[in-house]
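As written in TrEMBL, here are the features:
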{"type": "TRANSMEM", "residues": "C:26-52", "note": "transmembrane segment"}
{"type": "TRANSMEM", "residues": "C:99-121", "note": "transmembrane segment"}
{"type": "TRANSMEM", "residues": "C:133-153", "note": "transmembrane segment"}
{"type": "TRANSMEM", "residues": "C:174-194", "note": "transmembrane segment"}
{"type": "TRANSMEM", "residues": "C:206-227", "note": "transmembrane segment"}
{"type": "TRANSMEM", "residues": "C:256-279", "note": "transmembrane segment"}
{"type": "TRANSMEM", "residues": "C:299-319", "note": "transmembrane segment"}
{"type": "TRANSMEM", "residues": "C:339-360", "note": "transmembrane segment"}
Amino acid sequence: MTGLYTLLQINQLNNTAENYFPIGVQIIFAIGFVATMIGLSALVGPKRKTSDKLENFSSGIASHGNARQPMAVKYFLIAILFVLFDVEVIFFYPYAVNFKFLGWAGFWEIVLFVVLFLIGFIYIIKKGALQWED
Amino acid sequence: MNAIIFSVIGGVVMMFTGIITQQKKAIRNVAIIALIILLLANIFDTYGILSIHIGTHGMLNFQKFGLYFNTLAYAATLLFILISGADVTQIGEGKHAAEFFALIFFSLSGIAIITSYNSLLLLFLGIEIMSIPLYILTGGDKRNLKSNEASLKYFLMGSFSTGILLMGIALMYGAHGGFEISAMKPSAVSNEYGILDPLGLVLVFIAIAFKVSAAPFHFWTPDVYDGSPSVFTSFMATIIKAAGFIAFIRLFDNKYVELGLSWRIILPLVIIATLLVGNITAIFQQSVKRMMAYSSIAQAGFMLFAVFAENDMAKEGILIYTVAYSVATIGIFAVLEKMEDISLAGYNGLAKKHPLLAATNTIFLLSLTGIPLTAGFFAKYYMLLSVIKYGGSTVTWLVIVAVIFAAISAYYYFRVIQAMYFKTGNPEVRSYNKGFCFMLVILAAITILIGIFPTIILNWFYF
Amino acid sequence: MLNTISFEAIKTAVQQWLNMHWGPHLAFIAECILIGLLVIVFFAVLGLLLVFMERKVSAVMQIRLGPNRVGPKGWLQTSADTLKLMLKEGLTPDGADKFLFNLAPFLIMIAAMLIMVPIAFARNFQIWDINIGVLYISSIASISVIAILMAGWSSNNKYALLGAMRSGAQIISYELSAGVAVITMVMLTQSLSIQDIILSQQNGWWIFKGHIPAIIAFIIFMIAATAETNRAPFDLAEAESELTAGFHTEYSGMKFALFFLAEYINVFIVCAVAAILFFGGWMPFHIGNWEGFNHIMDYIPSSIWFLGKTFCLIFLIMWFRWTFPRLRIDQLLNLEWKYLLPISLANLLLMTIIVVLKWYL
């Protein structure tokens, strides 16, 4: 309990950290909730582990090899594209909040920004980044 | 600013050219036109005509020296594409010709940042923009295992050196409270944090030394230069390396002259180590390509003299050196690209079958050695002169060491000449056209012209 | 007055009581604990309710009865199911990465629970009005992708891995246009705080005031929301006919139930966000400055407004499930990258022009 007190006292000094305190509590509760549920079910449920039961499910037939094989590279390509465009979206947040203040000059700058991204976008589409069948 | 903007636009244009057309000739011509526009834009910028200004909050500082270097680098790239452009389009089954040119343009925009940075952050950005396309270019020959290995090696080592660079920048930021190099006077550092500044500087030094393959940090060079497609080796070894030296000079130009005696001890050690490693290992190489890789380390040792001297003479010298070394190396690699067998034995008897190739190649090799009447002589001469101007008799020993190593270098350069002229053999040469011969002659002419009138380049510099 | 039994009044009363009897620190901690318990209870109820709703809605769409044996009209069916899952054995396959396998349910529940923080359930009834609310929601929502990939990879099952990869690609792709749609609405308010967004809809919801861009943004957001929650027609991550159950194939018992719960909670959350951004959250239906009408609308409690809107949208998403056939992975990604993303970007610029020209209100 003393630990919590000191935590709270620190938080009062630092306004922003205090604001995030509820989130910390939520995390603790979420962990507690999941742990309780899983723990409870482990207590109540049966524990009969056989080697067949612990095998990986593959619709009834014996499973072949390791599942951790190389995946189609397309998924990773999507992930890389996402990183690029997500950065763009993130940059929009501050703009969306302040753009009235920035006015038309800001608007043209954001248009330039969007156009630059669209150029890259057209490029990847044309290059067949989203083509799943060759 | 023109250089940065136009090179990026050039890169984008090249990317889209690759979508519109698959014709290699068209792609190459677009690249040449874009490069000429870029060159003109930069020259105009140098003279203050039609230059675009964007507020950068003092992060970039456009000076005549940097802009002028841009011009030289772009001109060298133009020569490079004119002579080897057709080979570039053949790399990697010829599917990604336009992308290769685009990457070259992006690399050039990195160079434009490096030559004008005033903030250490921009130095970092510039070096990254310059290097990342190179990692891809190195692996351009996708189906070639060696090329892949070289690419991965370059990438891993490069990222590591970037980490060191960032660490150094962070320490320097800690010492000065800012990134601007023009504000970093040694006297501005309080004693309390005094150690941070030199430490950070050493780390930055290591990182850039890695990029220019100076001695203790050169280990990536032979493998990467050897593994990557020859045309890209030629680009990497010349223009990119010279840009690394500009980064050096800009960093040390500003305030670090006063850094103290210890700096003047570290640098000669690095220089001598670089000369030693480069020259001695080059002697034992059987492959001309690998020999050129080591020789590029050796040349980097000479170019480091400019960083050591840090005076106007050194700046003039580095410009001449850039041109002389770039032109010669581009020429040698252009010939090398045409050879089926790139070992020394492959050059046997080249003079009999292809006299033009052999003759021009000889001129380039002589220039790299530093024989009078070639550009390489004045390049080395200016370097040594700048050192003497800086230190007088106290640095005579350094000059003597440099001359000795220059003499040693003659051995392995002359071995190629000997193979071409005095040995019999049946060299297999890929077909080349008249345009290629013409470009070779032009390159050789430039080499000799600068060898006779070195001030042509410098007169432009001072207008 | 009418607000005597509203959530706001209860909240204030509890707060006062706590502060009166205990010190400020203890009161704060007690509040936190209360909130945590409330959220958990809410989760449980919501899970049961939504699963039941799903089954009943499906039944109605397919002209059958649906669950009708356990309890009156089958109302206790889902509770019985939960009890059953509780009594089942929780297995961890031999080949699985045990640590990650067990960590994944924690992560997905933490993500689901954290998103609840800034959502306003009724007038002045919100765990915490964080000033970056919308950004917070979209950032936490992307954590669940990690949990899904973690679950799929650690299972060491090919179905699970495929399902996880598909679902990962799908969620991150649709996050973009969902994000842009959200920003389009933020443009109107110019604040990321949920409270500000709701209050700005005092005299009309944004979907009515925001002209065409708001409607486009709403449509895009709903499509993206359906995809982000892995629901039909975008449920190819757990396409039963090809991948058995997708990333949670290997999960059984309570762990499976938690994934299931998190899925429905996510449906609720995206619909709640849509309700807040486009339909004013708990804000009653107002028409301009027509005092009489607005006053009548105010008599309906704000929590009813919020939950009503949210559940209407949830119904909409359930409706989708029985209306559209499942997409293939390339069709799915094409829809996002080639259509939704460019449209939403153009829409955003349109909205910018409208707001800069002050064409709204």
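Counting starts with 1 at the first residue shown.
Glycine is no exception: its Cβ is also placed from the backbone N, Cα and C atoms.
Small disclaimer: the values here were computed from a predicted structure and weren't measured.
Across C:99-121, C:133-153, C:174-194, C:299-319, the stretch most heavily in contact with the transmembrane segment (C:26-52), judged by Cβ pairs under 8 Å, is C:99-121.
Sequence-distant contacts of the transmembrane segment (C:133-153), counting only residues of its own chain at least 6 positions beyond either end whose CB sits under 8 Å from a CB of the stretch, comprise 97, 100-101, 103-105, 107-108, 110-112, 114-115, 117-119, 160-165, 167-168, 171-172, 175, 178-179, 182, 186, 192-195, 197, 228, 237, 246-248, 251, 259, 262, 266, 269-270, 273, 277.
When each of the listed stretches C:99-121, C:206-227, C:256-279, C:299-319, C:339-360 is scored by C-beta pairs under 8 angstroms to the transmembrane segment (C:174-194), C:206-227 comes out highest. Contact counts against the transmembrane segment (C:299-319), taken as Cβ pairs under 8 Å, peak for C:256-279 among the stretches C:99-121, C:206-227, C:256-279, C:339-360.
Of the recorded ranges C:206-227, C:256-279, C:339-360, the transmembrane segment (C:99-121) has the largest number of C-beta contacts under 8 angstroms with C:256-279.
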